[in-house]
Amino acid sequence: MPSIRQIAQRWDVALATATKAMAILRDEGLVETKVGSGTVVGPRRGRTATAPLPPSAPPPGPRPGGLPKSAMTRAHMLRTAIAIADLEGLDAVSMRRLGAELGVGPMSLYRHVANKDELVTQMADAAFGPAALPDPGPEGWRAKLELIARRQWQLCRRHLWLPRAVSFTRPLLAPNMMAHTEWTLRALDGLGLPMATRMREALTLHALVISIGLAMADEAEAEQNTGITLDRWQQAQRARTDELLTSGRFPLLAASSAETVSDLDALFEYGLARHLDGFAALLAPRHVPDGR
């Protein structure tokens, strides 16, 4: 599929129009985003054109008369803001843009949020909301940590802007996100670890997810800005790459596969497994089983 920018240029339509068209295709399950390939035709899922939109997407289509103030709810505002960020990145979300999409004046939005920082916090919290965590969860600390890490990874894949919205030094005061940290700490309960170690483990595990999620977000942003997928970029660099790898200076790099670098899902799973192996080694002197 062409990028949003390419659609706008080819059919001479506004970027906002191209964005809405792509949003409808994605919400209907007809296209999906894959790192390295860009936006591609999605798998058949038996969905019809009348299928309801998922909760993270706003109802598409023009709003010629705008929304009455009483009709615009906080939930509607957040769904619309998330949909913009999902398609165009967090920088595209502004009070003016959000008001235009909702058909209301920007000042109407300040009834629900004080500023953009609060809006982003609420967007992140709403994004984490649907990812319900089981109680008590699978047996064993390792299975629990695998579950929470994979849930967060799926959130980062669905909302590429999410890794940019979180901070370790200035954490968002978002209840749904805090629930993930609380669940992780509970998974480590009973292992004989001091609370400081448990907290560091929870943060390190989250950092693993976020760091690879940022790489995925960077690639998606580069593709949107240039209209060039990772596959096409690698092809354009082929001559220079071959020149360097056949020089004899980098024999080990020459023996590796480009897919090893571009397959971020596989990189995440590898990093998760090795991280948990290391945590198991920390627990070994305490004779704590790893739950495998």
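Glycine too: its Cβ is placed from the backbone N, Cα and C atoms.
In TrEMBL, the feature DNA-binding region is placed on 94-113, out of the ranges 94-113, 154-173, 174-193, 214-233. Confidence annotation: the domain 'HTH tetR-type' (71-131) carries a mean pLDDT of 90 in the model.
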